[in-house]
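What TrEMBL says about this one:
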TRANSMEM  21-38  transmembrane segment
TRANSMEM  83-103  transmembrane segment
TRANSMEM  124-144  transmembrane segment
TRANSMEM  150-175  transmembrane segment
TRANSMEM  245-263  transmembrane segment
TRANSMEM  275-300  transmembrane segment
TRANSMEM  358-380  transmembrane segment
TRANSMEM  412-440  transmembrane segment
TRANSMEM  461-482  transmembrane segment
TRANSMEM  488-509  transmembrane segment
TRANSMEM  516-537  transmembrane segment
TRANSMEM  557-578  transmembrane segment
Amino acid sequence: MNDTKTSPLSRHPHRLRWLDMVLLAIPCVAVLMVPFYNRVEPELWGIPFFTGGSCCGCRSAVFSWARFIGACAVAAADPDMHFWTIGVFLACFALVTWIGLRASRWQSGDLRELHEWGLGGRRFGRWITWFLIGGDLYTAYTFIAVPALVFGAGALGFFALPYTVLVYPLVFAILPRLWAVAHRHGFVTAADFVAGRYDSPLLAFAVAATGFIATMPYIALQLVGIQVVIAALGLSTGPGWLGEIPLLVAFAVLAVFTYLSGLRAPAMIAVVKDVLVYITIFALIVVLPMKLGGFAAIFAKVPVDHLLLPAAHGGQLGLQSFYVTLALGSAMALMFYPHATTAVLSARGTEVLRWNWVFLPAYSLVLGLVALLGFMAQAADLPKLPDLAPYFQSFGPQFAMPGLLLHFFPQWFAGLGLAAVAIGALVPASIMSIAAANLFTRNLYKAYLRPQCSPHEETQMAKWMSLVVKFGALLFILFLPLQFAIQLQLMGGILILQTLPAIAGGLYTRWFDPRALLVGWLVGMGWGIWALSLTGFQKSVYTLHLGNWSIPAYVGIYALLLNLGLAVLVTLGLRLAGRAHRRDATKMPDYLG
């Protein structure tokens, strides 16, 4: 008999939703006033809201607030405030916040179950999966980091184009097998699959820990995108913690709708995000060449050493080998990021996935156009413009795309474009935090700390961990300054690649011994982190010297080769010694879907 008393709010969930929205709106409104504070008459700082003092009377409080709002209206007339830009941005942001909070009612299920909260009940069809995977894979990395790399390093930044072309044949062949076996055995994460395939909790722990840690810099990249957008809006309030308040508010919005609605929130918001992205990119690619004199004029203003990679000569491969390995390594890593596997496992079936893998390369065309924005920013010489120079001093190449919006477009459209970037960061950040929380809860918390925890306790822990992951990502951007934001993604890729032998190998063969895979993982991780540390974690390239040859390559590829080589050698040794580990909870038909 259940005699648990229920509160009025739990009996009337619509009231709870409105309460959530009101509680969210109060700090948002307060923070959005921050840019106006220094423009308001000094005596208005006596308002109790700001001083924390008590209100002497309702009438005086209303009068004080009226004066403050009036002063803000006068300040808003200042053209430096980007008033219409902020207004359009906030309208879009409010829309997606409302959608995120309401998403829990869509395809309603018991959100106290992890597969409902963390995988959307595994019921997403073709179109929602299209938007979810697109929102998952095309992120602030696409809109901020890629144009920034093209702006700062030239042709090397176009590695993102072959990388996204390579990834789809790979995922078409591999990930439907993961969905099929996960569906049959109820796996929620890739580490669940590793535990079942190899009967090795320790190897599953290694895979889960790697995914959890590697996700943080990728979420940090999304927060960098939001940070740049906030600065472009003029909402950054200066040095110190006060300058981070708008970023913290965006962080809070992300945390609230992720906590309440789980994967359904980014799935619904991704639809709005894609519409805004396509409108923005189409306008940028049509309008900017006309204003800059055409593509011929744009390329004529780009330095020659930025248009082409340096040619290999003698035994020096230069950036040629780095470019190839960067594209290949990024493609292989993308498949097995926790957020990618989460989006895949949320689909209704393998036919949904294969349909999406056929048509998702359309996004690669968009990515190529976005990369060209780096050259357009160079041709426009944005860093030398007086109104944009302070932004480039603060954010460097990361301000290339927002700078184009602010300089060449009316305020209202700049607000729309900046909203596309911010929402394009919120969607994947939400999915990533859910994926990392699933890993922690299933493969660390439940496996080692609370084996007897109930499904509801498991889900509650995942919700709280989704908040912790976001906080960890904040630490990356506060304490690890980088020249190029894309380095955050490349660092995560190096770690994720070390799980490839266990996951991808396990989807096709049980030949590898789990102990051998663990040895390979440990050495690959250790060497990869050491190679990164040689440049102070600022670059992801390592140059291998073989005689007269110098071969620069992506650190992740070298680490993976070392990992895989050791896994093969140790497995052979164990098999020859008659000590092979062959237990497996899956069967070959489980992989056919």
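Every residue gets a Cβ built from N, Cα and C, even glycine.
Just going by CB pairs under 8 A, the stretch in 124-144, 245-263, 275-300, 358-380, 557-578 that sits most against the transmembrane segment (412-440) is 124-144. Outside the transmembrane segment (516-537) by six or more residues, the chain places 198, 200, 202-203, 206-207, 210, 480, 487, 491, 494-495, 497-499, 501-502, 505, 555-556, 558-560, 562-571, 574 with a CB less than 8 A from a CB of the stretch.
Counting residues 6+ beyond its ends, the transmembrane segment (275-300) has Cβ neighbours under 8 Å at 92, 138, 143, 307, 366, 369-370, 372-373, 375-376, 379-380, 404-405, 408-409, 413, 416-417, 419-421, 423-424 in the same chain. Remote same-chain partners of the transmembrane segment (83-103), defined as residues 6 or more beyond its termini with a Cβ less than 8 Å from a stretch Cβ, comprise 17, 20-21, 24, 32, 76-77, 229, 233-235, 253, 256-258, 260-261, 264-269, 272-273, 276, 406, 410-416, 418-420, 422-423, 426, 430. Counting Cβ pairs closer than 8 Å to the transmembrane segment (358-380), the top stretch among 150-175, 245-263, 488-509 is 150-175. Cβ atoms under 8 Å from those of the transmembrane segment (150-175) belong to residues 137, 142, 302-303, 305-309, 319, 322-323, 326-328, 330-332, 334-335, 341, 344, 353-354, 357-358, 360-361, 363-364, 367-368, 371-375, 377-378, 396-397, 400, 483-484, 486, 504, 507 of the same chain, restricted to positions at least 6 beyond its ends. Outside the transmembrane segment (488-509) by six or more residues, the chain places 141, 145, 174, 177-178, 181, 190, 193-194, 197-198, 203, 206-207, 210-211, 213-218, 220-221, 224, 326, 329-330, 332-337, 476, 482, 517, 520-521, 524-525, 528, 532, 537, 540, 554-557, 559-560, 563-564, 567, 591 with a CB less than 8 A from a CB of the stretch.
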